[in-house]
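So that you can see what the record holds, here are the features copied from Swiss-Prot:
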BINDING   556, 557, 558, 559, 560, 561, 562, 563  ATP binding site
COILED    299-389  coiled coil
COILED    811-844  coiled coil
COMPBIAS  158-173  compositional bias 'Basic and acidic residues'
COMPBIAS  910-921  compositional bias 'Basic and acidic residues'
COMPBIAS  995-1017  compositional bias 'Basic and acidic residues'
COMPBIAS  1034-1049  compositional bias 'Polar residues'
DOMAIN    39-142  domain 'Calponin-homology (CH)'
DOMAIN    472-800  domain 'Kinesin motor'
REGION    157-181  region 'Disordered'
REGION    852-931  region 'Disordered'
REGION    995-1071  region 'Disordered'
């Protein structure tokens, strides 16, 4: 025994020495290797993290601080575990705290029996436990020991199963239970009682018990709606007791194993001490002891690992026990709630049953009473039926007698019915005959009704022809649609008729007085397009090429769409073109279609009237230049001759010119319109055509007028320059209204001179021209007053009769006569020079000659811009070539523009003026014989204060004799007045003693005037006479009287004064 102890001691000494030597060697050279290994392990861990989660992109040599920053919020740890085992971790929201995520990760590590770390380690502590835990996780998933379902399997109920010998005994329970996993469990009371009586629950595996518990709970919650029977509750309590007993037995076993492990540990420690005491033995013994020590160390490490695993199992079992205890408590609470619910339902059912029983008893008593009452009523009804049957028998006898009495009457009625039937057939036959007769009549009426629309259209055409013959101003009304964003506003338009009726009403007032009816030639509604508006205007446009003068102007308040109708919103789109562009485009198309028969030339002028100033907006100098106006339009329709005339040959030329004009036109912003026209714009198109065969000349003009809108200052909020412009606009439109009023009432005096606008439109409003007015209406309810005022003005305009329009056509004979007149005027000019020389010689006759000169000077005002008579006819014709020079030549040939007056002509006395008035009385009668009505004011002459003003053109006012659009008549009158002037009175003056002339030159100069004016018509001449007009017609167009040969013979060298609408002072300055 002692030898055995000594041997053990020696072995212990060997083990101790070998252990010490091994520890020394570890402290020495192996420390470097361990550092290298730890470094490599750290790098491999970083590499594994980057491979598992590619989005981390950690550096290869990442420090512990970098790893701490990456893993601190717990998201990377949870994502890592989900990546390794999908679905094992429940990911929370982005606002979940980091500590909750880390605790969830640590719980999963505990379930997998892997080393864990504390939350404080990853936040501020040492990172070694964290790295060890991650390395263990890497190793567990790298060697393939965990599959995808390993973590999910660990999350289930993981209590250890009882591996006793009873496994074979409870196989029947397990097989019977597992056979029902795919189907429903038998929940009958008999089955549950058999399970409780048998020992199969106690012998069954723990996992089977938990699965059965889960299925029973699921079945009770889904199929029984929370109602648990008493047998089911007993089964659940038995299952819970068995599970609690097994958990307690497992805990006792773990305690016993811990005690056994501690005993073994003490035993091994004692052996280690003994071996350490025997470590001083021989080398062989040391080797033996060393081997024994290594073996013991291995066993020790194995035992320690087993202890750690058992401790973990204990911890896990404790947690599972706590979890099962919580579930058991929850099940008990649910069971208690189910029992209480069941008891409450039983009480409710018992109460309902008692209530139903009481109600049934009450109904039974009521039924018995009802049966007694019914039997009593049956007896009463039997008695009543017997009495009624007797009564009906008596009535039957009475009715039988009645039927017998009336049977004879019925036979008589049948005979009468037969006769009535024959009468009805005869009447029906007559009705059919009448029906056929009236059908024929109705067919005739229907045929007449079919032709009604044709007759109506013919009446409308005849009405238009009558309007054409009367020369009425056509009025088309166009209603502007609401602007974007204004559809919710109230409108003033109540009704739009097909034949030009328009009814407006004030939406803010009720009653019949608020409705107003207007009648125009045509009314365009809000949906009318530019093309539809132009289609009704096209016949007027085409008449220009036939030699007629046409004027189209737009009238309305500001912002009502006048510029939109006349010009359009844009010239880029052909659909948006206004009347201006479409009219010129149509003119060019017609000229091209007629180019084989008539050669046309088209010229365009564009001026604006801004603040009572006429400006040329197509000239290079812009609108700064002020132009004068001819109140008497020239034969070619030029009302503003000094405005630049541009020859156009295509629509593109017109678009370019009009674009320049619109850019130069004055516009401004007001409260009602962002781009309000602040001036009246007049686009004049002059057409001259020459017939290829007959060489006859056709002259037509088209005036397209875009009037500035009338506006109320309180609504437009105009101030400063805008206010001044608004005042001028309203003043000019008011003057236009006065002219329309005078024309509508056929007043003898029409105030054209009140405004530049009316002077420009004088030839269109006062002459025989075709005139059309577009009246623009704003449908907004706030503009009701302006709308009614505009429509009233348009209604007055529609009643104006201008007379039938006439074509301006010159034949070849007329041109020859005009040339003869020009030659005669040259001869007269030479006679004037001879007469002036004679006056210097005969100074004693100066007084009588002054009187004659004064009388004749008053008749013919001339323009400072015209050629003098002394110029050669060829020179004058050279300046009058083509479209734009012909009008000037005609005016030179037909008007009174002659040589200068003498100095004495401007210093006449009041006696001489009185004598002039008496002297010209015969001239007035002579003019009446010709069909021309010369008033006293027709021979008045007014001039400018400054005769040298080059910016003003001579302006013959409407009180003077004016030239109308009847070109043939006016030219013939001009020729007659030029060739046969009134010279009777001058001859009497010359024959007086104080003014006797004996020179042969004087006799030659007055040789043509010896006959009386009444005998002039008897003189044979090729010049056509002016036709007489009936007295009921409007006042004929008047021609300014040209200075005759005798007047030129008596006039001096001084140029006559000029007249404009802005000055009325005679010119007294000597030359």
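Using N, Cα and C of the backbone, Cβ positions are placed for all residues, glycine too.
As a summary of secondary structure, the domain 'Calponin-homology (CH)' (39-142) carries 66 helix, 0 strand, 38 coil according to DSSP. All protein chains included, residue 563 (ATP binding site) registers 26 other Cβ atoms within 10 Å of its own Cβ. Neighbour counts of Cβ atoms within 10 Å were compared across the binding-site residues 556, 559, 561; the minimum falls on 561. Around residue 560 (ATP binding site), the same-chain residues six or more apart in sequence whose CB sits under 8 Å from its CB are 480, 709, 776, 777, 778, 790, listed in sequence order.
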